[in-house]
Amino acid sequence: MGVLKCLHDVNLEVKSDRAKLMYSSFVPEILKFDACKIHVSESCIRYYLSLFRLMDMEACYNGLLAYDSDFSSLMRLLITPCNSGVERRHAASPSVIVIGGGFAGIAAARALHDASFQVVLLESRDRIGGRVHTDNSLGFPVDLGASWLHGVCKENPLAPVIGRLGLPLYRTSGENSVLYDHDLESYALFDMDGHQVPQDLVKNVGETFESILKETDSVRQEYSEDMSISRAISIVFERRPEFSGIYAEWKVGLLQMLILSHSKAGIRQVFLFSPHHFIPDFMKNTLLVFHRKQEFKEVLLPGGHGLMVRGYLPVINTLAKGLDIRLNHRVTKIMRRSNGVKVTVEDGRTFFADATVVAVPLGVLKSNSIKFEPRLPGWKEAAIAELGVGIENKIVLHFENVFWPKVEFLGVVAETSYRCSYFLNLHKATGHSVLVYMPAGQLARDIEKMSDEAAANFAFIQLKKILPDASAPINYLVSHWGADVNSLGSYSYDAVGKPHDLYERLRIPVDNLFFAGEATSVDYPGSVHGAYSTGLMAAEDCRMRVLERYGELDLFQPVMGEETPVSIPLLISRM
Ligand SMILES: Cc1cc2nc3c(=O)[nH]c(=O)nc-3n(C[C@H](O)[C@H](O)[C@H](O)COP(=O)(O)OP(=O)(O)OC[C@H]3O[C@@H](n4cnc5c(N)ncnc54)[C@H](O)[C@@H]3O)c2cc1C
C-alpha cells in the first residue's frame, strides 16, 4: 500500500497525444491542454495493470517494482509516451526484453519498438554494436570488428539504411573474384625473406586455385555424405594431376594464402578456424565443412564487397535512436513462464516482459553464463554445442606516413597457414596511414594471450619481414574477440559430420523466447547483414506470437514488409 501511495504522489508530465488519450478516461479535461502535469491515481494504475493482464495488485506491484529498481523506469513502463513518430493505436502494448545490443538485437528492438511494443534492450557492454565496433581514438574511425558490407546491392537488407545515410563504400572486390573480399590484382605478396612474389605467378596460381574450387563443387555434387574441403581438394588433386604442379616452390605458400583469404567465402571461415594447418597438412582430416548442398557463391549476395569508409557506427547509431537501451546490464538468467519472461541481470535486478529476444553471440550461449529456467530443450542445447565458433582479430597499426606499396592487401606467404599473414591497407580506402593485421584461427588465439603492446609488436615484426625499412607505428589498437566475455569468438561455423540444420535450430523460438544473431542466420551467417536480418525475423516471429496470443493482431503495425523503403543507390567507388 505504501507504494501505491507513493504512486499517488507522483507528478507526471503529459506531453504526447498518446499519453493524453490514455489518461482522458480518468481526467477528460486533459485533452484541452497541449501539455500538463497530473497526479497518477490508484484507479489509473489499476487500469493499466489490468491492461498488462496482471490483476493481482500486490503481485503486480511487486512484479512491476522488480521490473526495474529505478522508479522512473517503472513509470515509463506504465505510461510510455509516443516518441517514435509511428502512430500508436492502443494504450497498452505487449512488452519485450531484447538481450544484446549488436546488429541483431538492435534490429529486433527497432522493429518491435516501431510496431508499438514496449521494448527494453539489455546490453552487457558500455556500448552498443557488439562485433561492430568503430573506434575513434586515433582521431578517425577504424572498425575493430566488421568493416565490409558483403554484397553491395539493393537486395542487401542493410542497403536502405546505408543508402539513406549516404555513407561511402570502397570496393575491394567484385562478386566474381576468386578471393572473398579482395581482387587478386590488388595484392602484393612476399615470401618469408621479403622477396615479392612476381605478379604473373600470383595470377597463375590464382587461376589454378579457381579451377580447383570449381572442381571441388563437382566433387560435392557427387558425394552424398559430408566431406571436409581438404578432402574434396585432395580428390581433385587425385583426378587432375596437372594441378599438382602447384606444390612447386612457393606456389604452396601462395595457394595457402589464397585459401586463407578465400576462406571467408560461402564456404567461409572454415579454413581459417580449423585447428589444423592446411597445406601440406590440409591433406589430413581437418575439421572443415563441406556439407552445404549449394554452391558457395549462392550464399553470397551479388555486388562484391565494400569497405565502410566511415565505419559501421553511424548505421548502428541510426538504428538505435530513441530505443530504451540499458548499457552495463549483463543478463545472467532467463526464466520463462506461461504469462511472460523474467530476466535477471548481474547485480540481481529483474525485468519482466511478455517475451524476450535473445541476441547474444553463440560463444556466450556456449559458455552457459546465461542460465535458462526451465532448461532449453535438448535440440536447442545440441545446436548451441555443435555449431563452432572461430576467431579472427584485428591489430591496427597507425604510422606517421605511408611507406608501403599502393595495394590494398600486403601478404606474407608461407608453407603453413600459421605463418601466413596479411595486412589490409586502409590508406587506399580512407586516406589514413593505417595497416590492419588480421590473424585468425590458432594464430589469433595465441596472439590474444599477449599484451596489446606485444601483439602490436608481433604484427610489426611480420611487417618488417616483408618491408625491412618499415618505421615503427605511432599508435595501435588490438581486438580480443575470442577472450572478450561479451563475444567469446568472432564468427560461427558449421563442422563436418554435424547435422545440417544447426543454424535453423538455433533460430527456432522456444515458447516466448526468440533467438537472433549471426549464428541463427541460415542464409548469411557470420555477417552484419545476416545478423540484422535475423533481428528482423525474430521481431516478426515475436510480434506474431505475442499478438496472436492476446488476440490483438490487427492493432499493430507489421514489423517488416509493408512499407517499401525508397531505394537510394549505395555510394561505392575504387581508386
Ligand atoms: C574481426 C571481425 C571482422 C568481421 N568482419 C566482418 C565484415 O567485414 N563484414 C561482415 O558482414 N561481418 C563481419 N564480421 C561479422 C559480424 O561482425 C558479425 O556477424 C555481427 O556483427 C554479429 O552481430 P550479432 O548481433 O549477431 O552479435 P554481436 O554483434 O556480438 O552482438 C551481441 C551483443 O550481445 C551482448 N551480450 C553478450 N553477452 C550478454 C549478456 N549476458 N547480457 C547482455 N548482453 C550481452 C554483446 O555485448 C553484444 O553487444 C566480423 C566479425 C569480426 C569479429
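The backbone N, Cα and C atoms fix where each Cβ goes, and this holds for glycine too.
Keep in mind that TrEMBL annotations are predicted by a computer and have not been checked by a curator.
Taken from TrEMBL as is:
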type	residues	note
BINDING	V331	FAD binding site
BINDING	Y437	substrate binding site
DOMAIN	103-542	domain 'Amine oxidase'
For the residue listed as 'substrate binding site': DSSP state (helix, strand, coil): strand
Model confidence over the domain 'Amine oxidase' (103-542), as mean pLDDT, sits at 83
What kind of secondary structure is V331 (FAD binding site) part of, going by DSSP in three states? strand
